[in-house]
Each structure stands twice: as C-alpha cells, then as structure tokens.
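Everything below concerns the one structure shown next.
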C-alpha cells in the first residue's frame, strides 16, 4: 500500500471501532446510573445546592462524544485524512480534560457527601407523613425499597413513619433483622445504610470506567498522532 502502511491504518481502524463500542458502553452505564431508581429517589428531592449526579452527567456527555469521535477516527484512518485525525486528537484531549474535571467534582463532593446525604434524608423524612402526590410517590418508593432490603424508614427506623408504619412489619417472626416497636414486629435497621451502599456502588462503577477510559484515551492520542505524522510524511 502506498503511503501509510496497512498495518497502522487498519490497527487504527480497529482501535477506533473498539473506542466507539467503549463510548456506547459508557453512555449506557452512565444513563443507567443516572435513571436508576435504586436510591436515587432518596437523594434527588433535597434542597441542598449540590447535585451528587453531576459527575454522572459529565460521563453521559463523555460517552456520547466518544461515540462520535470513534466514528470520526475510523473514517480518518480509512480515508487517510489528516483533518479528521486532528479533529479526533483534539476531541479526545478535550474528553480527557472533562474527565479530570469530573474527578475534581467527585473528589470535592466526597468530602461533604455524608453531610449532604444526611441533611437531604432528614428533610425527606417529612414526606413520610405527607398526604400530597409528591409525598405519596415517595412513600410508595420507600415501601418497595424496604421490602427489597428488609429495612424500615430512612434514619430512625419505624419512628420515621409516625403511626403509619405498617410497611415496616416483618412477615416472618423468626427473622433476625426484626425488632419489637410499639408491640409490633418491624424491621429494625433504617434504610440509610443501604442507600449509602448503593451510592458507593455507583461511585465505584464510575471510578472504574474513568480510569479504564483514561488509559484507552492516552493510547488513542498516541496512536492518532503517529498516524497523523506518517500521513504527513507520505
């Protein structure tokens, strides 16, 4: 093949195709985390000024951009277009910078996440005694969460429900996760610990994706620049 060697050209194409698939995976996982009902309802209704999902929103933008860049890189490699490869390089560099920004936001939020979460859940306890549509929707969500994780209330167990703690009752008297409350057998553990575990699980997923993607992006930057230079020397 004249010009750029077929090995580098097709290796770049395969790399960008995998990069495109990686963008789809990141986008899908980030959207799943963003819209997942596991714990999201409990931290989305607070009045704190900080949005704990801002890093996930950044990852959604990154995933969508990676899909576009992967396609751009494939076309640039096959057509031996320096313009497309340069756009790919610049775009990839911007994504890397976005990831750094997401990491800074995540690190900043981590230092105050415990306080913000507890403050938000404390405000949401008031919804358990509310009667409007928003309160009822929140109550139904918590009832489902309680059944799945065998917990009760948000912070203070059955006391969070006031006198309406029917959803906290244990169906099995031999269950060791139950306790006696006002003469009734109810789940003794508040749901706050399970909510925190879900948030930590999502955070681990985000961190793992970010680190893995950073390695791929650095390889992509090097690979695209090598091909860019070889096309220029053709």
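Just so you know, glycine gets a Cβ as well, placed from its N, Cα and C.
On a predicted model such as this, the values are computed, not experimentally measured, just so you know.
Listed in TrEMBL:
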DISULFID  152-168  disulfide bond
TRANSMEM  12-33  transmembrane segment
TRANSMEM  53-73  transmembrane segment
TRANSMEM  85-109  transmembrane segment
TRANSMEM  203-228  transmembrane segment
**Long-range neighbours of the transmembrane segment (203-228), counting only residues six or more past its ends (CB under 8 A)** = 4, 8-9, 11-12, 15-16, 19, 22, 26, 29-30, 33, 55-56, 59, 62, 66, 73, 76-77, 82, 85-86, 88-89, 92-93, 95-96, 99, 102-103, 106
**Item:** residue 168 (disulfide bond) CB neighbourhood, other CB atoms within 10 A
**Value:** 26
**Asked** Including all protein chains displayed, how many Cβ atoms other than that of residue 152 (disulfide bond) lie within 10 Å of its Cβ?
**Response** 28
